[in-house]
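Report on the following structure.
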């Protein structure tokens, strides 16, 4: 049981949840993710950790409603709980002083790229952040983006906010080696929809700029035991959950990733439709079953916490 | 010798006992069960169990016990069943076996206890597995529990990493010795392969849950959603959380793929993923449960491999409505590691077998969906290092097997998660943890390892045997306090 200590809307269909998860809060590093399961009949889905507060024992995740589970998550409020949260999973981002580091983030990918951007800035990089969104109401965390970078560019597809256009257009302008204002970029991290990451790779690969992408393949366990998340790098198969999620963009077969991510599209639509038709019942059921579980496990948890606190106090003393 | 008294009261002379036929295990009709996840074997009735117990001749040196990897006191238990004291039989069982309802169902008894049964030399052996299952089920249905005694608290605590058969078995032994025991599990449900791997129709999940709850009643603590190596390291468990010893029982959960072209196509699964989706996530109940699985209805499914995992996957595919469910194995049926009972059940359920066949490539359509496997026929050549005859491809024998779903069940290997964050833990070149075969001690002080993470993929009962051995070794270490 993982209690939500704060839930708030940060963009159109995008919510930020801060969740009590002390073990994960202590260990997480930028670029890592969690797997969660909202309720006892739920599926397991991966979500990147945006930030953590080890002292408060909380982690923050950002969820865009795209299917049943994310829609259900986005109905939850402060005080609700999530049944299972496990992590931190995957390798952390490789942080070092590359020189000039450029972050390209699309929509909710902005939340995932923020901790790495911050860490790169702290490591002495000159950080440029390009945030792209479909329209104004999906531009998220602008202040944090500016704080995590030295230069920030906000773009919307429809021009309703910031500059009009795609992130790759801005990227091309910046790295353009032609007679224009070509910049020396030493490192690029792209996080967002697969077509966006592929487009970034197409711009940077010919220029030989080291480019990492954070791959969002379908996962079940997230610990390397099923291979559902496997991605093709050159002709080698890798598991995104344990070998990644970040990979060298020039090696990634994006077509295979897109094809595999479409595997359950039919079932996903069916699930979402059923959820939307019975949203209130599902929410009521979710809350009731979690309250029941809370009551059931409370005594044992209290006992566990007591033992743990004693041994930690002993350790600290 | 109070335990053997009831059997001495058995009025039948030895000769007559040996003439009683083995009591048949009732099972669901093949036509019905091929479309249902309900348990195939239905269990013995009390009268059947007593009759079966009558068949035991109470050998002076019971070889059945020697062949049981955890050394269950079979002779005494059978005597208690004969006497009708089923709860006492269950308590006696739990002294050596923390999970009798499970082992009674999934052990390959024919090559263990029942393989050693003297009666089996003349006729069919005493159905020890069925009896074991009976007393555990009887106990569960009675609502009473034959729990063994717990020693006074020692003040020592042990962390067990992994809640599979090895971890649970070690937990059951260590709690009896008076230690504090906490089991850490990476998944959200306890049981390891018992919940994500072995399907409901062979091992109902409610039974695993009940056995776990029995351990809880004995005082074992559990924490799910903890990936040791990621959420917390071994050093932190000892230094910060105060554990005196750790038992690593993480299993061999990393799937092996064939490494042939086309394995990334949609519709190609590892058996681990296919079974995790159906068993742990209940995808067979989609959309009631949220986790989807590729709709197998009216589709052709092939499963590659010859072990119990492959057998579980192919029988699961059949139950998900596959038009055809075919097992593809590169050796012949004689070499199949799967249990004979499972092969028989599979055949009755309409599973097709294609022996001496191996996929060389998976083929797909322009959208990346699997359409078939290019297979090659094999013949058996010279014996290899394990003494099994090596399969050799027959040149020019290639053919295409149509398939919409292909499930790879050719084995698993060590998951490197803990090893990669614990540099002072010695591993071999295949990433298995190195542990002393007797004491199960690793290269790291206070840390023990056993089960599949040391030996590679084996059986539930062998892992439980390793768990018992670890419990004994840990107890001795905690008493002596010396490592060298």
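A Cβ is built for glycine as well, from the same backbone N, Cα and C atoms used for every other residue.
Per TrEMBL, these features apply:
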type	residues	note
DOMAIN	A:1-95	domain 'FAD-binding FR-type'
BINDING	A:62, A:63, A:64	FAD binding site
BINDING	A:226, A:229, A:241	[2Fe-2S] cluster binding site
REGION	A:280-317	region 'Disordered'
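Listed binding-site residues (A:63, A:226, A:241) with a CB under 8 Å from any chain B CB: A:226. Mean pLDDT, taken over the domain 'FAD-binding FR-type' (A:1-95), works out to 95 on the 0 to 100 scale.
Counting neighbouring Cβ atoms within 10 Å of each of the binding-site residues (A:62, A:226, A:229, A:241), the lowest count belongs to A:62.
Put simply, A:241 is the one of the binding-site residues A:226, A:229, A:241 whose Cα lies nearest to the Cα of residue A:62 (FAD binding site). Each of A:14, A:15, A:16, A:47, A:61, A:65, A:70, A:73, A:74, A:108, A:111 belongs to the same chain as A:62, A:63, A:64, is absent from that list, and has a C-beta within 8 angstroms of the C-beta centroid marking the FAD site.
For the recorded site, residue A:226 ([2Fe-2S] cluster binding site), the DSSP three-state label reads coil. Counting residues per DSSP class in helix, strand and coil order gives 37 helix, 0 strand, 1 coil for the region 'Disordered' (A:280-317). Sequence-distant contacts (6 or more apart, same chain, Cβ under 8 Å) of residue A:63 (FAD binding site) comprise A:14, A:15, A:16, A:17, A:47, A:70, A:73, A:74, A:108. A distance of 20 Å separates the Cα atom of residue A:64 (FAD binding site) from that of residue A:241 ([2Fe-2S] cluster binding site). In the structure as shown, the Cβ atom of residue A:64 (FAD binding site) sits within 10 Å of 22 other Cβ atoms.
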